[in-house]
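**Student:** Sharing a structure below in structure tokens format, with a few things to ask.
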Amino acid sequence: MIPLFNHLASDEQDSVRLLTVDILIAIAEVVPKEQQSSHGVLLTSLRALFEDKSWRVRYMVAERFEKIAKAVDEEVISRDLVPAFVKLLKDSEAEVKSAIAGQIPGFCALLDRNVLLREVMPSIEELVSDQSEHVRASLGMQISGLAPILGKEETINHLLPMFLQMLKDDDSGVRLNIISRLELVNNVIGIDRLSQSLLPAIVNLAEDKQWRVRLAIIEYVPLLASQLGVQFFDDKLSSLCMSWLGDTVFSIREASTMNLKKLTEVFGVEWANRAIVPQVTQMGKHPNYLYRMTTCFAVSTLAPALSLEAIEKSILGMMDNLVTDDIPNIRFNVAKSYAVLIDVLKRLPESGTILSIEKSGATPSGCQRGHDLIRNRIMPNLEKLQSDDDVDVRFFATTAAQGYADMMQTQSHEELLEALLQDEQQFRENSLGAPPPAAPHNPLDEITLQRIEAQRRAYYNRRSYYAAVGAAVCMLIPLLIVWNTDIPLGNKLVPKERADASNESNELFAGRPVHVIGTKVVVQDAKSGEEVELVDTGTSTIPHFPRTIHLPRDDDAGAAAAAGNAQDNEYTLLGLGVRSVSFLGIQVYVVGLYVRTADIAALQSRLIRTIDSVATTLVPTEKEKLRAALLDPTQGAEIWDAILRSKPGIRTAVRIVPTRKTDFNHLRDGWVRGMTARTQEAARRGETEYESEGFGAAMRDFKTLFGAKGAAPKGSVLVLTRDADGTLGAWFQEKEVAANKGELVRLGSVRDERISRMVWMGYLAGKNVSSEGARRSVVDGCVEFVARPVGTVETMVT
């Protein structure tokens, strides 16, 4: 096995060498540790991986450094791994340094403390000032793990200056990572030494323009509060926490209410009554409706953490005012908050809170005072809301009232059952005793319950009726629009253009039978007799596209048949999709992008160079990076524009097959609109490339090319080609007649490469492409190409 490992570890492809890191770890775990320090073969391979010329191999080593260290003995660690660790911390690639920074706590825990301080710490300290924010962020996430390893004194001497510097970092992610892991530091040296530097960092993060950063710091505030103390929090952070309740992002407002609840758990109910509840009640009077609505959310969240006295004196009075608020959304949120308060008050004792009782393991039992508050303070307001003009307000008010009614009815049944059991026991003790007392009277008015239930049923019946009518209208309108957008029916009941594809269309391609061989769908070429693989398009109207096509050279219009199977004229499908128009998604044509088979290697090379200038293939993480770049409107446009401008150019073709009857003017107008939008965008950027008379003449030639060509029936084929010099060629093939396809006829060409480049860009990149499905399919095809070494794909095709 070791000779095979050595062969793979020395492979010329870096994508092979990087996979041998896991193999080395597995072998090292099997070899006894007492033999590792003298095992020359493994040590040689290990050192070679540490110093590999490819950064991706070094990245893989860095990402698994702790596993490697745990698999070898102490002598190998001190002799080989420590120098390698220091070297990786100083690597020229930011990705490698980010990966090795993530291994700092795990690897340093295996080292002698003196070795760590003398040889490793200086290199770690240099990362604090690294140019890459990703490296600093990775270090910020892991550096706190060194505090338990170094101890109090060395943490103060070495780590504390690093913390203070990183809390002032320009990147919000670095500061956030440091704050998120301060608990480890607090356990060693306490947080007092950092408190003065923490406050500016927290304030900056709380006001960050990215709402996810603000959300993240909110989640860490309770932890920081427990470490900083109530006095520091009241003086420095209290107003900041209340300001989050009025944030423009709902997720921030929601998280801020949960933050208040957690702070109440940290500092206690008395602190909440003094510091939070008065500010929440004041927000209930705020002129901005967002603050008043957030007050309802805060009440619902804080209720389990509040005492009975706080709810009675502060919360219910504020809710009385919000019942008559002008905003319906606030009124139905009041009803939802009342439902939460009812659930809390029916279980809340005279002293304590629901949270404190549940934490102690006891079961909340409730008290008469809480039930009185429900009946006298909440139920009258719910009755008002049940007669509100807004249907949603009535619904939520009815739901809250019904919940209390169900609870009371259940309680009455339980009281009745308890009374019967007591009577039965008394009867057994004294057979001559008095008869059992009658069941207690239900405190609810049965007429009110029936009215509430009738309103609830009527509400749901109305919603069901409107939903059914809406669904019927939504189904009917598209049918009417599609039915009335075609030519007059004439004498035929259903015109051919409107009819969906028959089963026969899925069994034939260009009039020839389709065969399934294994996992492939193939058809026999009418002229050469060879089998051509077909690709599913995803639409039943034009079910198949050929995997490869043969096109004549632009300078040999009559050579369609003579082209035969010559690779020089063979094109391979890169991706396809359906072009749809209007909000109804009416399908117009299926479009596929083909690349000349002999030019695939050049396309591979240029795509790979956008990610790595020296690689011959891409690893999975790089493939996803390429996919994201190609799908990004800005990056994708830059990549494809560079590829289309490069010399010599890559020969490509766009094959279009209409799914319904259309005409060349319609197709031309779609391309022209896209080209006009792109020229206007270029003009806004200050580019003058498209302002010349030559480009205007080329546009006129392009319009003339399709101006008088008439109809393009369903099933016909239009092919646009782009030669090495950028010349656009147009070819047309009539729809099938009986079992034969029409000949491929040359319509003409436009020599200006800007025309073909802009047509191609309309399918490949930008915010609004002609077919998003085609763009994503092409990207998938590109990612599949770059996963193979350059020069191997075209040999597989041919």
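Backbone N, Cα and C define each Cβ position, glycine as well.
Got these off TrEMBL a minute ago, pasting:
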- 1-39: repeat 'HEAT' (REPEAT)
- 42-80: repeat 'HEAT' (REPEAT)
- 81-119: repeat 'HEAT' (REPEAT)
- 120-158: repeat 'HEAT' (REPEAT)
- 159-197: repeat 'HEAT' (REPEAT)
- 161-329: domain 'Phosphatase 2A Regulatory Subunit A helical' (DOMAIN)
- 198-236: repeat 'HEAT' (REPEAT)
- 378-416: repeat 'HEAT' (REPEAT)
- 570-779: domain 'Chalcone isomerase' (DOMAIN)
**Student:** Could you put numbers on the helix, strand and coil content of the repeat 'HEAT' (198-236), residue by residue per DSSP?
**Tutor:** 34 helix, 0 strand, 5 coil
**Student:** Quick test of the contact rule: Cβ under 8 Å, at least six residues beyond the ends. What residues does that give for the repeat 'HEAT' (81-119)?
**Tutor:** 47, 50-51, 55, 58-59, 61-63, 65-66, 68-70, 72, 126-127, 130-132, 134-135, 137-139, 141-143, 145-146, 149-150, 154, 158
**Student:** May I ask for the residues of the chain that lie six or more residues beyond the repeat 'HEAT' (1-39) and have a Cβ under 8 Å from a Cβ within it?
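**Tutor:** For the repeat 'HEAT' (1-39), the far contacts come to 45-46, 48-49, 52, 54, 56-57, 59-61, 64, 67-68, 71-73, 75-76, 79, 615-619, 789.
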